[in-house]
Every structure is written in C-alpha cells, then in structure tokens.
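The structure appears below as structure tokens.
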Ligand SMILES: Nc1nc(=O)c2c([nH]1)NC[C@@H]1CN(c3ccc(C(=O)N[C@@H](CCC(=O)O)C(=O)O)cc3)CN21
Ligand SMILES: CC(C)C(=O)C(=O)O
Ligand SMILES: [Mg+2]
C-alpha cells in the first residue's frame, strides 16, 4: 500500500485504503513507488523550465483515477484533451466533442489533481465563430472546472483571441502542425510542414502565438528538425511535441496510447509503455473463471453473521 502524503487543498482522498488482506490467487497489490510530492506547477514553473532547458512532461487524463495516478508519478501538466472524444466517448474524431463533455471530464480531473497544471482543450466550434464565443467558453472552462489554462488549435487566425484571453487572465496553450479539429480541411492525419511554404507558415504561426501571449504550444506531427528550429526561435513560449521529435521543450502523449489501454491506434509517434489492454482482459478472464468455479468470493471477501442470530431465524 502506498503512503502518499498529499498536502494540496484539492488533494485526492484515497478511497482504496482498505486493509483487508487479499489471499485469492491472482490478486494484486499496489507496488508503485511514489515520488516526493512536488510543488504545484504554475505557468511560471513552465516558463522557468523552458529557460533552464528542463524537459516538460505532459499527459492527457479524462477522469479522477488517472489524474491521481499521473500526479503520483510526478507529471508537470495534465491535458484534458478533446481526444476524449476518441478514447473515452467512442467518436470517430474530436469534432463532435461539446463544451458540456469537456467541462464534465475536466471537473473530474481537477478533483483528482494535486500539483500538476491542468489544461483543458477548447472543443471544435467553441471558439472559431467569434471572439465572444472564445472568451465566453474559455471563461466557462476556468470558472466551472477549476482548470488553470485552455488549449486551442490554430496559428495566426487565433492570435487575436489568444491575446484577448491572456489579457483577460486566461493562460493559453496553442496547438499547431496537425490540428485534428481541422482533419476534414487537412484531408487526413498527415505530417505537417514538409514543404517550404508550410514550414515557413508554421514558424510564423509559432512566433505570432508567442507574441499574442501563449505560454506553451503543442507541435503535433511535424518533422523533428522543423520542431527544433521552431523551439530554438521562440524566446518565452515552450513547445510541447507529439510526433515532433526530441528537440521540443516538452512532450505530450495520450494516456490511453502510452498505457496500451485500447488497441488499434498506432501512429508512429506513440511509445507504448504498458499493455493495460492485455492486463485488463486477463484480469477479467480470471474473475470470470473464479466466479464460474465459485472460488470467488473467498471467505476473506465475505461477511459473517453470529450463529445465534441464524438459529433464531430458522
Ligand atoms: N488515441 C489518440 N491519440 C492521439 O494522439 C490523438 C487522438 N487519439 N485523437 C485526436 C488526435 C488525432 N491524432 C492523430 C491521429 C492519427 C495520426 C496518424 O495517423 N499519423 C500518421 C502520419 C502519417 C504520415 O503523414 O506520414 C502516423 O503514422 O503517425 C496522427 C495523429 C492525435 N490525437
Ligand atoms: C494530442 C493532444 C495534444 C490533444 O490535443 C488531445 O489529446 O486532444
Ligand atoms: Mg486536442
């Protein structure tokens, strides 16, 4: 059993503190070693990390359990990505994701968070139609969920909004390169910035977003050398790569991809650090077997009643 000391105000209370000894075959115990609790990460922390050249770590999470786990591991930033549409809700793309869905999941993540900086994706069409929409919806994300920053896709075309948000007090993470909300316009999930004009546009977009006030920027699916060039040209805005090589200031991955929770999504940039799919299927198979064999529940999972009470019953 882990003895995490969690001092932050919204620290997760651990529900799983049962001390019952579990002697059933195949039962598992928690062996993960907890890193020393960190200071809460702010946007100043992220800016300092860029200046010091200290790699910034970001991962997605969509619920309280994953938020607690990634905090325990010592992550710097959590992204409540609109990839929740794909990996949690079963949509074919991020396009159908709504503000209500983003708020619902971001609230859960914030409840499980202790020290990471929580960023919520602005879903498709929550900011594209007008500046007013963008300001109103970003405000909703901060006010209703308690997240610290919002992320939105786009380059120069979103800079006016980025400026308005940051001056209104809403920290912004930008997102350029492959922008999944524009998959229909892009004609598929393809590496971006491979031609001279597109590479120049990417660099210009990054500089404009930095000038507009974004404190970080996701670079998705761009050649490593271009991502490195963009990173080196920026002064304050940290680059967070996904499929953008190791020259970025930080990295982000979708938690389900990294943990191997679902099968079938295998772009080149994913490194699978665990196979929770196989672990889950095997665990559930063991459970089914135990129930069929009546070996679960065992005596230690079972409540007792005094014989005297039973006698009176008969
Ligand atoms: N589970 C999951 N992980 C993600 O990283 C992710 C989502 N979902 N949903 C939203 C977007 C969509 N993303 C995607 C989806 C597909 C590719 C893809 O097929 N990439 C090809 C590029 C091929 C090429 O142009 O050379 C690859 O092989 O990596 C990349 C990013 C990233 N995001
Ligand atoms: C892949 C990351 C950067 C993202 O935008 C998401 O998870 O929605
Ligand atoms: Mg996203």
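The chain as shown is numbered from 1 upward.
Every residue gets a Cβ built from N, Cα and C, even glycine.
Automatic prediction, not curation, is the source of TrEMBL annotations.
Per TrEMBL, the features are:
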- 220: active site, proton acceptor (ACT_SITE)
- 82, 83, 121, 151: 3-methyl-2-oxobutanoate binding site (BINDING)
- 82, 121, 153: Mg(2+) binding site (BINDING)
- 1-36: region 'Disordered' (REGION)
Residue 220 (active site, proton acceptor): tally of other CB atoms within 10 A of its CB: 22
Cβ neighbour count within 10 Å of residue 151 (3-methyl-2-oxobutanoate binding site): 26
Beyond the site residues 82, 83, 121, 151: chain residues whose C-beta lies within 8 Å of the centroid, for 3-methyl-2-oxobutanoate: 60, 79, 80, 81, 84, 94, 97, 102, 120, 122, 123, 175
Inter-residue C-alpha distance, residue 83 (3-methyl-2-oxobutanoate binding site) and the residue listed as 'active site, proton acceptor' (nearest angstrom): 13
Sparsest-packed among the binding-site residues, when each Cβ's other Cβ atoms within 10 Å are tallied, from 82, 121, 153: 153
Those binding-site residues in 82, 121, 151 whose CB falls under 6 A of ligand 1, listed in sequence order: none
Residue 121 (3-methyl-2-oxobutanoate binding site) in three-state DSSP notation: strand
Residues among the binding-site residues 82, 83, 121, 153 that border ligand 2 - Cβ under 6 angstroms, in sequence order: 82, 83, 121
Other C-beta atoms that fall within 10 angstroms of the C-beta of residue 83 (3-methyl-2-oxobutanoate binding site): 23
For residue 220 (active site, proton acceptor), the one of 82, 121, 151, 153 that lies nearest, given that the binding-site residues are compared by Cα: 153
Of 151, 153, 220, recorded positions neighbouring ligand 3, Cβ under 6 A: none
Cα distance (Å, whole number) from residue 153 (Mg(2+) binding site) to residue 121 (3-methyl-2-oxobutanoate binding site): 9
